[in-house]
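Engineer: The following block contains the structure, expressed as structure tokens.
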Amino acid sequence: MHVTHLSLADFRSYARVEVPLDPGVTAFVGPNGQGKTNLVEAVGYLATLGSHRVSSDAPLVRMGAERAIIRAQVRQDERRQLVELELNPGKANRARINRSSQVRPRDVLGIVRTVLFAPEDLALIKGDPGERRRFLDELITARSPRMAGVRSDYERVLKQRNTLLKTAALARRHGGRSMDLSTLDVWDQHLARAGAELLAQRLDLIAALQPLADKAYEQLAPGGGPIALEYKPSAPGEAHTRDALYEQLMAALAEARKQEIERGVTLVGPQRDELLLKLGQLPAKGYASHGESWSYALALRLASYDLLRAEGNEPVLVLDDVFAELDTRRRERLAELVAPGEQVLVTAAVDDDVPGVLAGTRYTVSEGTVERV
């Protein structure tokens, strides 16, 4: 699969831009702040319905514009598709496939798939647990786009349940009459049902990712491993099947109910779980050096790419200003590993930041203009 044409309107710094794209390597080169990352950010948005740089859509819309449009022509084997997203901050986003009538934005998931390497990837190792949960859940959705709906359902139920718990906590704190919490039983069931499906997918993903990540780390840092991915659930137990995970979550919710009512928040579930990344016998966070942390983060991304490729539709590889962050050895090794990709999009401030093995199409990006060299 590869993107053959990218069109943006009022996205970030671009009033309008059209960029033809080839298979193989394409590099966007230009000084920082000129808009090169905006291009690959748009491709990534089509794949995840989110940005790797900001948490909301508002910064993605050009100043003074009401909405932004991302449009891409995609080719997979002999099949061609046109996918379009309209970003409307404060309102519902819109989507179209092949200029048809409007579809839900999440219906476009799976048409474009990406694996993104970026300076922010260090947060996978050094950041808080939310960074690692996001990594898992975005990859789960790339493997199975229907999981976007499951994640949305879980977040909706969690929000409703937290509202109920907060109201109960405030009532108790101010000496008010005790609330009828019978509806909490219903929310527990909904939360456990969606949570169990999400947990089952996370556990399956980790099992599939572990050998690939260990292999990738050895390729990047020979003799530096092994590495291990260990899931730490907030609901104690050893369950792996969806039904067993449902029962495990229900038991944990029952056990935590008194404390949850006191604190006014849900204390167990996927939103509280942790992915522990180990280097040797120690947690990478706090123990891995800067170079080891980079190798670990790159290994996770390479493993993601290998997994998606093995399961069918090869993703677009996006390397956003990542080579400037790496020492010479890691830079050369990473370039060798990604060079055979069906489509590889690279951004760099200067030509020298693009390894020679990644020779291909070049664009210069300056002051909002994108020109092929």
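Keep in mind that glycine also has a Cβ here, set from the backbone N, Cα and C atoms.
Remember, it's a predicted structure, so these values are computed and weren't measured experimentally.
Annotations per Swiss-Prot:
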| type | residues | note |
| --- | --- | --- |
| BINDING | Gly30, Pro31, Asn32, Gly33, Gln34, Gly35, Lys36, Thr37 | ATP binding site |
Engineer: Quick one: which residues besides Gly30, Pro31, Asn32, Gly33, Gln34, Gly35, Lys36, Thr37 have a Cβ within 8 Å of the ATP site's Cβ centroid, in sequence order?
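Structural biologist: In sequence order, the nearby non-listed residues are Thr347, Ala349, Val365, Ser366.
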Engineer: For Thr37 (ATP binding site), name the DSSP secondary structure in the helix/strand/coil scheme.
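Structural biologist: Its secondary structure by DSSP: helix.
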Engineer: Most Cβ neighbours within 10 Å: which of the binding-site residues Asn32, Gln34, Thr37 is it?
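Structural biologist: For the binding-site residues Asn32, Gln34, Thr37, the Cβ with the most other Cβ atoms within 10 Å is Thr37.
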Engineer: With an 8 Å cut-off on Cβ-Cβ distance and a minimum sequence separation of at least 6, pull the same-chain contacts of Gly35 (ATP binding site), or say none.
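Structural biologist: Same-chain residues close to Gly35 (ATP binding site) (Cβ under 8 Å, separated by 6 or more) are Arg12, Ser13, Tyr14, Val365, Glu367, Gly368, Val370.
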Engineer: How many other Cβ atoms are found within 10 Å of the Cβ atom of Gly30 (ATP binding site), counting all protein chains shown?
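Structural biologist: A 10 Å sphere around the Cβ of Gly30 (ATP binding site) contains 21 other Cβ atoms.
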